[in-house]
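J.: Got these off TrEMBL a minute ago, pasting:
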BINDING   A:CYS45, A:CYS230, A:CYS233, A:CYS245  [4Fe-4S] cluster 2 binding site
REGION    A:88-133  region 'Disordered'
BINDING   A:CYS171, A:CYS174, A:CYS179, A:CYS213  [4Fe-4S] cluster 3 binding site
TRANSMEM  A:324-344  transmembrane segment
Amino acid sequence: MVSAESLFGPIDPAPDAGYVDAPPRMGFFTDTSVCIGCKACEVACKEWNLVPDHGLDLLGMSYDNTGALTANSWRHVAFIEQPRPLGAESPALAGTATGPSGSAHLAERASTPPGVPNTDPGLPPAPHPGPAAAMAASPEFLGMPGTDLPGRQERAGQRTDLRWLMMSDVCKHCTHAACLDVCPTGSLFRTEFGTVVVQEDICNGCGYCISACPYGVIDQRKGDGRAWKCTLCYDRLRDNRVPACAQACPTESIQYGPLDELRERAQRRVERLHADGVPEARLYGHDENDGVGGDGAFFLLLDEPEVYGLPPDPIVTTRDLPDMWRRAGLAALAMAGAAVAAFVGRRSA
Amino acid sequence: MSDGDAMGERFREFQRQLAERGDPAGPAAGQPASRTERGVREPGSRDWAPQTQRARPGDRGRRNREAINVPPAEFSSYYGRPILKPPVWKHDIAAYLFTGGLAAGSSLIAAGADLTGRPTLRRAARITSLGAVVASTYFLINDLGKPARFHHMLRVAKPTSPMSIGTWILSAFGPAAGVAAVAELGPLLPERGVLGLARRVSSPAGRIAGLAAAATAPALATYTGVLLADTAVPSWHDAYPDLPFLFAGSALVGASGAALIAAPPTETGPVHRLAVAGAAMELVAERRIEHGMGLSSEPYQQGLGGRLTRLSRALLLGGVAGALVGRRSRLLSMLSGAALVGSSLATRFGVFHAGVDSAKDPKYTVVPQRERLERKGSAPGA
Ligand code: SF4
Ligand code: SF4
């Protein structure tokens, strides 16, 4: 029923799951180089999938007030500001004498909020305030929302060029999906399109999938108890329609289609960007020889994955499962052996 | 909820928080300097390197020994926020790890006592086992987001899901342990009539059920190691070769402790040997977990996970020594037994917290993966 091959390495997931005549594997290619951070995808997803509101909070670190993928946010637009001119553009801020409206101090305070956060579910805070401060520390930082007037702080007038990185994150619909492997109820299943979907009428909220996902995607909904995540609009796919987020994206940053086609298109795009002088462009999750057998939703990034909150080299935990069972078997034998020895050892005792 | 007023209120609240928590303007002391000191090399938060944090000077006796093999690391993250979702499991699961082990270990002791003619020990261990397995079931169900759907676990049997396997192990073990414990009531029944018949079958039925429980017990005690390891939680996953041994040892220790509390010294000879064997297994596994996993070992040395791990070791050594020295004294045996039970409990909570801590801090996710990539000599894509 389960062979070692279906736990790791390149496979086509739908036929591997037992579908005969499965349609081609469908997925997303999210090209962050054209994302404008409008969050239309976040909104469209909520509208179509009736995802509950995730509350209102100011995270104080950037224009991103969603914070992370959660049970109530199945698309999340990350926002990063970096001091770096883009390509051959003329300096964007030449001649403007304004100071930062955000500050390290602000980002630091906001990354480890006191008390209960206003978002639902509450976003996990940062364990240390340092990184948020460091990200916001540069004099160029425009991070919003600011509570200081531009120019008021001592670093007024020091701004230089910058770039904004925006990236619409989503469930990766892994080829080897740890969430699906570990689900004890069969609630998570592989669709004929090769995507990974939770059945809300089956899930009993055991939470296993949440600890298993190497990307921190799937999440428990407070008050409801069940696990929720992107379905890649399974209902729309079955109707031959484009997922809501891809449909809503005004710049085609989110592209939907057969995974093979998307991979080719992504390859061309990254080559084009390299030729145009954006050497930092790279694909993430496109490689079927990576630790999860490739992602059904993959990305073109302009910096290291971890800058966007993505793990740099995720490996599906179930790759090691045969070994784990072996070790448990040995431990069980040792335990039984100890018990036998203890009682047989010296009968007189 | 999301009208203009609410937003305004949030904004004011945000400002209030800022005002309460520190100086109203200007960078916080210390932090941002790192960027200018080291020059702007790379955008992002590369310049932040708190990983070099060593055990604090006040940490008695264990100054440099810990954290010494942890390489100083720099890494980027998204505003310092965690990458993984921390486990949503509550303390129920940590408690279950303990009660499951206690039930398993006790049923082994009960079977041994049964076969070697130690009736008090057998009775005590069977009752402990039943109590612990009932508690386990409660903890498991209570931890679910939708407890009323517990039976959905029984829809499938999935070898890739340790939780599914565990549910089936528990379903086999629980009734057997239950019958073995209930059989202890046999002697209380009248000697005649239908109940008399029940009285006569109770002893063989108890033995068969007790042996069946003992046969499944090692699986019950060790699968939990796979349960935790089969996750993306760095300090759990990386410990996969040793967690089952740690839990097997800890199960023997906890069950021996319970037996020392409940049974007289005349019958606990084998229990002492079992406690020593369990302690040895636990200490070896613990040492490998605490020192052999690089950065992933750190949560077993620091914070709550570290404190619980040290507490468990102290109780373990004290309990074993006390049990051996005081083997003729009922009181000393009981005290040592309590220490062993406490040690087993602390071990489980320690492992639980170490894992949760490792999921909450992005460094445990990013740094080892970066190192792995560097070893492979390739960055993703590019
Ligand atoms: S990204 Fe996480 S939730 Fe999505 S399919 Fe992969 S393991 Fe499952
Ligand atoms: S929380 Fe639901 S979907 Fe996730 S593993 Fe448990 S039953 Fe499956």
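For all residues, glycine too, the Cβ spot is worked out from N, Cα and C.
No curator has checked TrEMBL annotations; they are predicted automatically.
On this model, are these features tucked inside or out on the surface, and what's nearby?
T.: Note on A:CYS233 ([4Fe-4S] cluster 2 binding site): other Cβ atoms within 10 Å of its Cβ, all shown chains, come to 25.
Around the Cβ of A:CYS179 ([4Fe-4S] cluster 3 binding site), the same chain contributes A:LEU188, A:VAL196, A:CYS209, A:ILE210, A:ALA212, A:CYS213, A:VAL217, A:ILE218, A:ALA227, A:LYS229, each under 8 angstroms and 6 or more positions distant in sequence.
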J.: Starting from the Cβ centroid of A:CYS45, A:CYS230, A:CYS233, A:CYS245, the recorded [4Fe-4S] cluster 2 site, name every other residue in that chain with its Cβ within 8 Å, sequence order please.
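T.: Near the [4Fe-4S] cluster 2 site, the remaining chain residues are A:CYS41, A:ALA44, A:TRP48, A:ASN49, A:TRP74, A:ARG75, A:VAL170, A:THR231, A:LEU232, A:PRO243, A:ALA244, A:ALA246.
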J.: List those binding-site residues among A:CYS45, A:CYS171, A:CYS174, A:CYS213, A:CYS230, A:CYS233 whose Cβ lies under 8 Å from any Cβ of chain B, in sequence order, or write 'none' if there are none.
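T.: Answer, by Cβ distance to chain B: A:CYS213.
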J.: Distance check, please: Cα of A:CYS230 ([4Fe-4S] cluster 2 binding site) against Cα of A:CYS171 ([4Fe-4S] cluster 3 binding site), rounded to an integer number of angstrom.
T.: 6
J.: For a Cβ distance below 6 Å to any atom of ligand 1, name the binding-site residues from A:CYS45, A:CYS171, A:CYS213, A:CYS230, A:CYS233, A:CYS245 that qualify, or say none.
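T.: By the Cβ criterion, which requires under 6 Å to ligand 1, the hits are A:CYS171, A:CYS213.
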J.: In whole Å, note down how far the CA of A:CYS233 ([4Fe-4S] cluster 2 binding site) lies from the CA of A:CYS171 ([4Fe-4S] cluster 3 binding site).
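T.: Rounded to a whole number, the Cα-Cα distance is 12 Å.
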